[in-house]
Each structure stands twice: as C-alpha cells, then as structure tokens.
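Annotated active site, proton donor/acceptor per TrEMBL: Asp148, in sequence order. Sequence annotations record features per position, and here TrEMBL assigns Mg(2+) binding site to Asn7, Glu387. Summarising the annotation, TrEMBL assigns ATP binding site to Lys14, His208, Ile209, Gly210, Asn211, Gly212, Asp283, Arg284, Arg285, Gly331, Val332, Gly333, Glu334, Asn335. The annotation substrate binding site is assigned in TrEMBL to Arg91. Sequence annotations record features per position, and here TrEMBL assigns site 'Transition state stabilizer' to His180, Arg241.
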Amino acid sequence: MKILALNCGSSSLKYQLYNWDKKTVIAKGVVERVTIGDSFIVHEVPGRENYRKKYDCPTHETAIHLIVKTLTHATHGVVTDMSQISAVGHRVVHGGEKFTCSVLINDKVIEGIKEVQHLAPLHNPANISGIEAAQVILPNAPHVAIFDTAFHQSMPEKAYLYPVPYEWYEKHGVRRYGFHGTSHLYVSKRAAVLLGKPQKDCNLITMHIGNGVSHCAIQSGISVDTTMGLTPLEGAVMGTRCGDIDPAIPAFIMEQEGHSAKSIDSILNKKSGLLGITGKYTDRRDVIDWAEAGDERCQLALEIESYRLKKQVGAYLAALGRVDAIVFTAGVGENASLIRQKALEGLESLGIELDIEKNKKTFTKSGETLISTAQSKIKVFVIPTDEELVFTEDVVGILEGTYSDHLTFPYTFSSNDTESEEVVQSQRLTA
Ligand SMILES: Nc1ncnc2c1ncn2[C@@H]1O[C@H](COP(=O)(O)OP(=O)(O)O)[C@@H](O)[C@H]1O
Ligand SMILES: CC(=O)OP(=O)(O)O
Ligand SMILES: [Mg+2]
C-alpha cells in the first residue's frame with residue numbers, strides 16, 4: 001500500500017510517498033519558497049542522487065502539480081501512474097473545536113475546515129487548495145485530514161482559556177488550540193526513545209522553529225501547554241508573524257493609521273516578525289547571512305528572536321518543574337546552530353549546558369543528535385521532525401479501522417505505543 005502525505009506549510013509543501021507494507025520511504029521532498037518567489041523542488045529517492053529543479057510556484061496548487069510531475073517523471077519518478085497511490089494524508093492546520101482527531105475527508109469535512117479558515121489565514125486556505133487539487137488528481141483514493149490542533153486537546157483549562165469574557169469561549173470558541181501538533185508529537189516520541197524511558201515518564205520542552213514557531217510543554221508524555229493560541233499568530237517571533245505583542249497595539253495602530261481590522265490582521269500575519277524588523281527577510285538563512293555581513297536590523301532581529309525563545313524555555317521550566325530534555329526541530333531548529341546557541345546561552349545555572357562544538361556541526365542531515373554536554377542535567381536534542389510519518393500512520397489507522405483506539409489523545413498511552421515506536425525506529429533506519 002503506497003500512501004502519499006502532503007504537508008502544506010505557509011511557505012513550503014512537503015511530501016512523502018511511503019510503502020506501508022515494507023515500511024520504507026519510496027520518495028520524499030519539498031517545494032520550498034511557495035508563494036514567495038524563487039521556488040524550487042528537492043526530490044529525494046533513497047539510493048539515488050537528489051533531483052533539484054527551479055519552478056515557479058505562486059500557489060500551493062501549482063506546487064502539487066509540480067510534485068505529481070516529479071513523482072511520475074520518466075527519469076526521476078517513482079510511479080508510472082498516480083493511480084498506484086492508495087490513499088492521501090493531508091495536513092490541516094486548524095480543526096477548531098469541530099475536529100479533535102484525524103478524519104476521512106468528504107464534502108462536509110471540507111465545509112467544516114472552511115468554517116474555521118479565518119482562524120488560520122496563512123494555512124487553512126492552502127490546505128484546502130491542496131486537498132481539492134489532490135482530489136482531482138486522485139478521485140478514487142481516500143483522502144484523510146490530520147489536524148495540527150489534535151495533539152493539544154490534552155491541555156488543561158488553565159492553559160487553554162484566556163482571561164477574557166468567558167462568553168467569548170462559549171459563543172465563539174475563543175481559546176488556545178495550539179498547532180504543529182504532529183511535529184511535537186513525533187519528536188516527543190523520539191525523545192522518549194532516545195532517553196530510554198516510556199513516553200508517560202517524560203517531561204519535555206519541544207521547540208518547533210520553522211517559518212512558524214511554537215514551543216510545547218509536555219508533561220508525562222502529553223501536551224499541557226503550547227505557545228500558539230486561537231490562531232498560529234501567538235507566541236514566538238516568526239518569519240512574517242509577530243507572535244506575542246501587547247494586545248492594545250492593534251487598536252492603537254488602527255486609530256493612528258486608519259487601518260481596518262482585516263488590514264491590521266494581515267500586517268500582523270504577513271508583514272511582521274522577522275520581515276517586520278528587518279524590512280526585507282523572512283528566511284533565517286538570509287537574516288543570518290546579512291547579520292554576519294553587518295546589517296544591524298538583521299542582527300537585531302536575531303537578538304529579538306532568540307531572546308524570546310529563551311524566555312519561553314524559562315516559562316515552561318517553571319510550568320513543568322522537572323524537565324528531562326529540550327528538543328529543537330523544524331527548518332530553523334534543525335539547522336540554525338546560532339539560533340539554538342543564543343536561545344540557550346546563560347541557562348547553565350538551570351541545568352542546561354550546550355556542547356558548543358557539537359551544536360555547530362549539527363544539521364538535519366546529522367540525524368537525531370544530543371547537543372548538550374555530558375554534565376548537562378537537562379539533555380538537549382536536535383530531532384529532525386517527520387510530520388508526514390504521523391500523517392501516514394493515521395491514514396493507515398483510519399483505513400484499517402484501528403484509529404479509534406487512539407481517539408482521545410492520539411498516540412499517547414495506547415496499547416500500540418511500543419509497536420509504533422518500533423515502526424518509527426525501522427522507518428528511520430530504512431529511510
Ligand atoms: N541551513 C539553514 N539555516 C538556517 N535556517 C534554515 C536553514 N534551512 C532552513 N532554514 C529555515 O527553515 C525555514 C523553513 O522551515 P520549515 O520547518 O520547513 O518551515 P515551514 O514548514 O513553516 O514552511 C526557512 O524559512 C528557513 O528560515
Ligand atoms: C501552524 C504553522 O505555523 O505552520 P508552519 O510552521 O508550517 O507555517
Ligand atoms: Mg512546517
């Protein structure tokens with residue numbers, strides 16, 4: 001059974017074609033810089049040289065067509081026909097209170113996803129166009145939606161309710177939902193394996209630092225708090241998103257500059273964060289390169305980003321009390337050693353001691369790596385995320401009718417835990 005996993009991020013589209021019977025990755029890749037110009041695809045097939053091609057992708061739909069072209073390409077492809085693919089798993093960022101677990105997609109589900117798309121304006125529209133484009137290409141295959149918000153359903157009320165009129169929650173669903181759930185789930189499972197402990201005994205701070213950024217506080221294996229909120233705008237500094245700011249700022253600027261609510265929302269989502277501070281860049285590679293070349297705004301942006309990452313580590317150390325490990329993941333977390341170093345420097349008295357040289361040499365390609373010193377009380381890992389494997393497991397679970405076993409808090413404390421860890425292990429060995 002060949003399963004295709006599609007992960008529409010705000011600026012990238014990742015895909016993975018998985019052979020479930022053999023538990024191997026047939027091909028995987030990413031279309032980067034979708035919607036922001038200079039886009040390109042990197043297509044990896046185990047045992048072959050990577051295929052890289054520039055291709056203009058102004059929308060996620062064009063990126064899906066590029067992926068199909070590549071998967072069926074005479075030289076670089078891996079299937080002769082898309083009908084060889086049995087099912088597709090789609091990342092959907094916001095499930096609101098409607099979707100608390102993965103579901104088989106039908107018209108009603110698409111309608112439900114559309115109803116909450118205003119809560120994730122950079123993501124849900126991209127997710128929907130991804131689903132609709134894939135349904136046209138694979139009309140007979142089952143399509144499954146996997147929600148970023150599902151893993152955080154375990155948060156207690158004290159973490160997910162805002163101190164605003166309670167009726168806003170009752171009437172409009174105003175609460176913290178949290179995002180990047182499949183990534184926090186995946187790296188927390190891997191961290192438990194690396195720590196040699198059952199998941200239910202692990203307290204972790206996981207940091208997903210990509211274009212979007214979120215921290216998650218994991219207690220006894222489950223999410224008890226996370227930094228993104230009602231929307232993926234809250235929390236850390238992001239590529240184009242502001243993260244935490246004084247909530248009075250939007251009304252103040254609306255009055256000062258005559259913006260509408262819609263226009264202020266768009267500025268906070270699309271023109272803020274690193275782009276807002278530097279005036280030019282969202283990609284950390286650009287920000288780091290220009291900071292090193294002496295650009296003061298880029299230097300300032302890095303200071304602000306890493307200072308805030310560090311403050312949040314402190315907050316979750318306090319929330320959790322005992323922490324076994326801190327995990328960095330996603331594009332920046334896996335590759336930007338400078339940001340990792342700056343985010344943890346000065347925390348030695350709290351039991352966090354980075355091995356500076358090891359940190360410098362660690363990238364996605366290094367695989368799962370311990371980057372703290374032997375003395376560090378709290379271990380620090382870089383763990384490449386694999387959201388697509390989580391999607392694949394859910395698709396198979398739904399197709400085989402076993403998914404309901406995981407329903408309340410997917411993947412956690414289920415009798416399948418040990419088995420799933422073995423699957424993850426074997427996948428990493430064979431990928
Ligand atoms: N070598 C690198 N050094 C620094 N940052 C990197 C590197 N490689 C990727 N990144 C960062 O990772 C980001 C993308 O991360 P990713 O998790 O793929 O994002 P998303 O899924 O949100 O689109 C890019 O915007 C870039 O800032
Ligand atoms: C929710 C979110 O911010 O996702 P991404 O990091 O893929 O943009
Ligand atoms: Mg992402």
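Any Cβ shown, glycine's included, is placed from N, Cα and C.
Counting other Cβ atoms within 10 Å of each Cβ, the recorded positions Lys14, Arg91, His180, Arg241, Arg285 show the lowest value at Arg285. Ranking the recorded positions Asp148, Arg241, Glu387 by the distance of their Cα atoms from the Cα of Asp283 (ATP binding site) places Arg241 first. Checking the recorded positions Arg91, His180, Val332 against ligand 1, the ones whose Cβ sits under 6 Å from it are Val332. Among the recorded positions listed (Asn7, Arg91, Arg241, Asp283, Val332), none has a CB atom closer than 6 Å to any atom of ligand 2.
Within 10 Å of its Cβ, the residue among the binding-site residues Asp283, Glu334, Glu387 with the fewest other Cβ atoms is Asp283.
In space, Asn7 is the closest of the binding-site residues Asn7, Ile209, Val332, Glu334 to the residue listed as 'active site, proton donor/acceptor', judged by Cα positions. In this structure the alpha carbons, written CA, of Arg91 (substrate binding site) and Asn7 (Mg(2+) binding site) are 5 Å apart. DSSP assigns Asn7 (Mg(2+) binding site) to a strand.
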